[in-house]
Amino acid sequence: MDTSSKENAHLFHKNSAQPAGGPSFKAGYPSTEEARPCCGKLKVFLGALSFVYFAKALTEGYLKSTITQIERRFDIPSSLVGIIDGSFEIGNLLVITFVSYFGAKLHRPKIIGAGCLVMGFGTMLIAVPQFFMEKYSYEKYERYSPSSNLTPNISPCYLESSSPSPRSIVGKSQNKINDECEVDTSSSMWVYVFLGNLLRGLGETPIQPLGIAYLDDFASEDNAAFYIGCVQTVAIIGPIFGFLLGSLCAKLYVDIGFVNLDHITITPKDPQWVGAWWLGYLIAGFLSLLAAVPFWCLPKTLPRSQSREDSGSSSEKSKFITDDPVNYQMAPREESMKIMEMARDFLPSLKSLFRNPVYILYLCASTVQFNSLFGMVTYKPKYIEQQYGQSSSKANFVIGLINIPAVALGIFSGGIVMKKFRLGICEATKLYLGSSVFGYLLFLSLFALGCENSSVAGLTVSYQGTKPVSYHERALFSDCNSRCKCSDSKWEPMCGDNGITYASACLAGCQSSSRSGKNIIFSNCTCVGFAAPKSGNWSGMMGRCQKDNGCSQMFLYFLVISVITSYTLSLGGIPGYILLLRCIQPQLKSFALGIYTLAVRVLAGIPAPVYFGVLIDTSCLKWGFKKCGSRGSCRLYDSHAFRHIYLGLTTLLGTVSVFLSTAVLLVLKKKYVSKRSSFITAREKIVMSSSVKKETCAARDHGLQPKYWPGKETRL
């Protein structure tokens, strides 16, 4: 070929790959030759989507790790904390349907980038109350503070002979309450946390439906499951860092940098300790803002893989976007016509989804299972703290370092299994169902791995320390502290030398106190001697008694079973997601994912933390009270009731989801069997028709003379 012909060929190739005016001779997406330089953009999108998944998952994990910190800082019950946690789902609910449906027809990467900006600002808004609230004030005797120049022999017990009359005490207390109520302006600052989490939910909305559908559209069928598995795995790595960040911040005092830490008398092991919960939200918000940058540089569409083009599977965008890529820049009139066309097709598309029995059953199964998982994950740190006596920092640390990696490994393993064995939709459903069955069977064993209640005088054991106390026998007053003028609303736990915790040193009947560093020692405690009369040491120390060594052993067993259960349940994550993508029409993919996300948010994400929190609150033994006398957060839980509510509700919901998943498999098998039988019947008819035609043609050709068909004697 000469030079001029080469130039003409090059010019023809250039013009055909990048048409200037007329329609391309290749319909649909850019040609393969043009696609090769741009194929790396799919990997860029994969990396950007993975990072934003990491950022949003880190924030979500950090939020779960600060549940107890927020509860104590704002002095609110678990049910209200559940509402704050569910505000994220409420934000999703407001826009998920429109974003998933209309967003699929617009510039998906830029919509995701805008969502990241909103999510980042919302995350930072959560931390704002810390800078406007008063300094954290935990329940304590002011004269026991190191800054109050404590002198020895001050009696926590106001003896009846030397104390003012009960009427004067009540009057002074009421006046103090009224004064504090006037200056307590931070009682409702939790609303900003609610609004920030709501805004975070709004920004997160387009990431999952648009991002996953974008990947599935432009990746090959073999790589789609693997790419989604990579994204989901990175999303699970996010909570690891979220919980570890929560563990680090929980060790720092809430007002660090604003107060003298030498004056703080409590430690991270104290039930009243509040860590620097606000610090992690500033870090997570910055990461979300940073994650928005790459999406503004990515194109609206990418070249499709050759396998997808050969298979003829239609993109979700092919229904409303023209085949010529040059025509993506539409005039305003054409753009408005497109939007009207999409709006008219909304209800038919919705009806098509709800007429799909596999989609509806899987939607119900996933919703019930996510109720189980949302409730379990939200209150898992609190469960570890209350059941096994661990600090908030340690609870977050073990979840982030042990549990979350098991979930990540399970999700990644599910993607590898799907890719390695090329599982079909029925096999994927079986793997999804099997992982759920074995996971919840393992979860049942956690019922046997509980600890006994802490020995708290008047609440879990009698003041004699010899027998448990029933619900009707609970009373913080006894003969041993009858001469003291104590408040039963205070929670200033003191650990006696007899191993029993008392609600306060006053209720323990202590008549003197002294300080050793930050520790406060109480002496001559009549109730301590009442439970151990033979012991000559009737003293105690500020703080709650630690649980016995047997509970530490149970905690190790709990971690082992919890890790195995987490891996088993997460193994079915990717197969279940592939089932969701393959049981619907390709052009409805983003819309179906949006409806799926909407249902999970509305029916699981919002209510699950709330009703889990309400039921957990019923196991509270000792409530705290705010300055104005209203009920605050729970100070002490009944370990047995907490365990049965937390584990029982999770198992019940998981069992229901297993039955619904079984129905999905049965309907799917029936649907495929009927389709296969109809396909075989149609194929047999075609084969029989072809054989008849061949015989007829052979008979006709046999009667023709060869001269009319020169060279065709052997035809047919």
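These residue numbers are counts, starting from 1, taken along the chain as shown.
Placement of Cβ uses the backbone N, Cα and C atoms for every residue, glycine included.
If you check Swiss-Prot, you get these features:
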TOPO_DOM  1-43  topological domain 'Cytoplasmic'
TRANSMEM  44-63  transmembrane segment
TOPO_DOM  64-82  topological domain 'Extracellular'
TRANSMEM  83-103  transmembrane segment
TOPO_DOM  104-109  topological domain 'Cytoplasmic'
TRANSMEM  110-134  transmembrane segment
TOPO_DOM  135-187  topological domain 'Extracellular'
TRANSMEM  188-216  transmembrane segment
TOPO_DOM  217-235  topological domain 'Cytoplasmic'
TRANSMEM  236-256  transmembrane segment
TRANSMEM  275-299  transmembrane segment
TOPO_DOM  300-352  topological domain 'Cytoplasmic'
TRANSMEM  353-374  transmembrane segment
TOPO_DOM  375-394  topological domain 'Extracellular'
TRANSMEM  395-418  transmembrane segment
TOPO_DOM  419-422  topological domain 'Cytoplasmic'
TRANSMEM  423-446  transmembrane segment
TOPO_DOM  447-558  topological domain 'Extracellular'
CARBOHYD  N453  N-linked glycosylation site
DOMAIN    474-529  domain 'Kazal-like'
DISULFID  C480-C510  disulfide bond
DISULFID  C486-C506  disulfide bond
DISULFID  C495-C527  disulfide bond
CARBOHYD  N524  N-linked glycosylation site
CARBOHYD  N537  N-linked glycosylation site
TRANSMEM  559-581  transmembrane segment
TOPO_DOM  582-590  topological domain 'Cytoplasmic'
TRANSMEM  591-616  transmembrane segment
TOPO_DOM  617-650  topological domain 'Extracellular'
TRANSMEM  651-668  transmembrane segment
TOPO_DOM  669-716  topological domain 'Cytoplasmic'
Three-state secondary structure, which DSSP defines for C506 (disulfide bond): coil
10 Å Cα neighbourhood of C510 (disulfide bond): matching recorded positions from N453, C486, C495, N524, C527: N524, C527
Count of other CB atoms lying within 10 Å of the CB belonging to C506 (disulfide bond): 24
Length of the line joining the Cα atoms of N453 (N-linked glycosylation site) and C486 (disulfide bond), in Å: 24
Dominant neighbour of the transmembrane segment (83-103) in 110-134, 188-216, 236-256, 559-581, 591-616, by Cβ pairs under 8 Å: 188-216
Distance from C506 (disulfide bond) back to N524 (N-linked glycosylation site), taken between C-alpha atoms, in Å: 11
Distal contacts, the topological domain 'Extracellular' (617-650) - CB-CB under 8 A, six or more residues away: 71-72, 75-79, 139, 177, 180-181, 184, 187, 271-272, 372, 375-376, 379, 383, 386-387, 443, 446-447, 450-454, 456, 459-460, 474, 489, 491, 503
Least surrounded among the glycosylation sites, given as N453, N524, when other CB atoms within 10 Å are counted: N524
Number of Cβ atoms other than its own within 10 Å, given for C480 (disulfide bond): 20
For C527 (disulfide bond), the one of C480, C486, C506 that lies nearest, given that the disulfide-bonded residues are compared by Cα: C480
Stretch in 188-216, 275-299, 559-581 most in contact with the transmembrane segment (395-418), if contact is a CB pair under 8 A: 559-581
The transmembrane segment (651-668) touching the transmembrane segment (423-446) per 3+ Cβ pairs under 8 Å rule: yes
Of the disulfide-bonded residues listed as C480, C486, C506, the one whose CA lies nearest the CA of C495 (disulfide bond): C506
Separation of alpha carbons, C486 (disulfide bond) and C480 (disulfide bond) (Å): 12
